[in-house]
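S.K.: From TrEMBL, here are the annotated features:
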type: TRANSMEM; residues: 29-49; note: transmembrane segment
type: TRANSMEM; residues: 56-74; note: transmembrane segment
type: TRANSMEM; residues: 100-119; note: transmembrane segment
type: TRANSMEM; residues: 126-148; note: transmembrane segment
type: TRANSMEM; residues: 168-187; note: transmembrane segment
type: TRANSMEM; residues: 215-235; note: transmembrane segment
type: TRANSMEM; residues: 297-318; note: transmembrane segment
type: TRANSMEM; residues: 339-361; note: transmembrane segment
type: TRANSMEM; residues: 367-385; note: transmembrane segment
type: TRANSMEM; residues: 397-426; note: transmembrane segment
Amino acid sequence: MDSENPPAFETLVHKVKRNLSFQSKWAELNGAMGDLGTYIPIVLALTLVKDLNLGTTLIFTGVYNIITGAIYGVPMPVQPMKAIAAAAILNGSGFDIPDIMAAGICTGAILLVLGATGLMQMVYRLIPLSVVRGIQLSQGLSFAMSAVKYIRNVQDFSKSKSMGNRQWLGLDGLVLAISCACFIIFINGAAQERNQIETNVDEERDIRRKRMRKIIATIPSAFVVFVLGVVLAFITRPKVVNDIKFGPSVMEVVKIPGHSWKEGFTKGTIPQLPLSVLNSVIAVCKLSSDLFPEREFSATSVSVTVGLMNLVGCWFGAMPCCHGAGGLAGQYKFGGRSGGCVAILGAAKMILGLVLGTSLVTIVHQFPVGILGVLLLFAGIELAMTCRDMNSKGESFVMLICAAVSLVGSSAALGFVCGMLVHVLLKLRTLCVP
């Protein structure tokens with residue numbers, strides 16, 4: 001009986017091993033870099049402006065990465081909640097750490113309830129694909145436009161502002177960023193998958209070209225660019241080594257007074273919730289199904305994991321987190337194909353958080369922003385390119401209306417409402433007009 005029906009624990013262990021197994025070591029390592037273009041700037045800004053506990057955030061987000069990789073078996077990203085981060089940066093001293101954590105806890109609690117009750121899955125089934133594509137297109141273009149700003153202009157993340165044109169030469173100049181972008185394009189191409197290259201390369205008649213393609217396909221372009229950025233960070237300010245203090249940050253429970261719950265909910269949760277539902281759950285589930293059709297993704301489970309992450313970590317001062325379609329697209333673009341991709345990233349975050357703690361911010365602050373812009377650019381383009389399956393004119397029309405309103409109004413919720421309205425009107429027109 002035991003051999004026919006293996007214990008549940010053994011089945012669970014086998015599933016975790018399968019989900020964390022690498023399809024290609026270098027490809028998975030390269031894919032892990034695909035989400036850093038959004039992660040680093042937001043975490044750095046919150047650390048500089050609001051004294052976010054960077055060490056605690058790295059440890060908790062590292063644990064989240066490993067757990068989500070083990071559960072889903074795909075490069076499911078862990079990203080900052082952008083609307084809450086924006087509220088914290090733009091509101092100055094009126095939105096501090098207790099308010100940020102209260103916003104994250106409230107958002108997480110609502111997502112947990114929506115997932116546990118099955119309401120999120122119902123919403124996922126009811127929303128038309130054209131509207132989801134519109135949200136993805138707007139998010140992808142938003143990432144790409146932010147990336148171009150990072151590349152062209154000097155950035156002050158503490159004020160969330162551009163400070164002027166970037167110089168052509170220098171350790172963080174335009175030439176460096178453009179060279180890194182050209183290198184990634186040459187290695188990765190437009191949208192070719194590594195597996196596709198490897199399977200089709202056998203059809204090549206020229207043996208030299210075949211070998212060259214195999215060699216190029218194994219180069220971890222994003223990882224190489226990231227390592228270059230780390231090296232340049234130390235060259236820019238060699239004395240940064242003296243500021244490093246070994247050991248983890250002190251982890252404490254955040255005391256959240258009554259007024260912080262009110263401020264956090266009104267200024268953080270309300271603008272963040274539509275973005276989390278649409279981009280962190282709905283768009284992520286759809287994109288995951290597109291990229292990994294052999295796997296099943298439930299809006300219920302994704303909503304629950306986002307909720308639990310924030311109901312645990314925010315009490316200890318970890319940055320409010322969610323999943324994100326842009327991060328998933330970026331990691332897939334650079335070769336991430338399994339949960340092992342994000343597990344590598346999670347392990348690296350945990351080690352850095354335990355060994356260097358908050359002192360790591362002195363190094364991150366010197367990292368070339370232009371290189372971050374390059375990584376973010378390709379993540380945004382990859383996300384936007386998922387919308388190319390809108391074949392009919394009606395679907396494309398709804399998608400573009402949704403994307404345009406989301407971009408101009410800087411609100412995914414507003415774009416969603418307009419997209420749904422246009423979709424319903426087109427359906428009514430089809431029924432009423434012969």
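Each Cβ is built from the backbone N, Cα and C atoms, and glycine gets one as well.
Each of these features: where is it, how hidden is it, and who are its neighbours?
M.R.: If one looks beyond the transmembrane segment (56-74) by at least 6 residues along the same chain, the residues whose Cβ comes under 8 Å of a Cβ in the stretch are 16, 18-20, 43, 248-249, 251, 288, 291-292, 295, 297, 301, 305, 309, 312-313, 316-319, 321, 323, 328, 336-343, 345-354, 360.
Long-range contacts of the transmembrane segment (100-119) within the same chain: residues 46, 50, 52, 81, 84, 87-88, 254, 256, 260-261, 263-265, 267-269, 272-273, 276-277, 281, 299-304, 306-311, 313-315, 317, 319-321, each at least 6 residues beyond the stretch ends and with a Cβ under 8 Å from a Cβ of the stretch.
Using a Cβ-Cβ cut-off under 8 Å and counting only residues 6 or more beyond its ends in the same chain, the transmembrane segment (339-361) has close neighbours at 19-22, 28-29, 31-32, 35, 44, 47-48, 53-59, 61-66, 68-78, 243-249, 331.
Residues 127-128, 130-131, 133-135, 137-139, 141-142, 274-275, 278-279, 387, 390 of the same chain, all 6+ positions outside the transmembrane segment (397-426), place their C-beta atoms under 8 angstroms from a C-beta of that stretch.
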S.K.: Is the number of Cβ-Cβ pairs under 8 Å between the transmembrane segment (126-148) and the transmembrane segment (297-318) three or more, considering only pairs separated by 6 or more positions?
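M.R.: The answer is no, given that the two segments have fewer than 3 Cβ pairs within the 8 Å cut-off.
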S.K.: How about long-range neighbours of the transmembrane segment (29-49): same chain, 6 or more residues beyond its ends, C-beta under 8 Å?
M.R.: 57, 75, 77-80, 82, 85, 88-89, 100, 143, 147, 150, 155, 157-160, 220-223, 225-226, 319, 324, 326-327, 329-337, 341-342, 344-345, 348, 358, 361, 364-365, 367, 369, 372-379
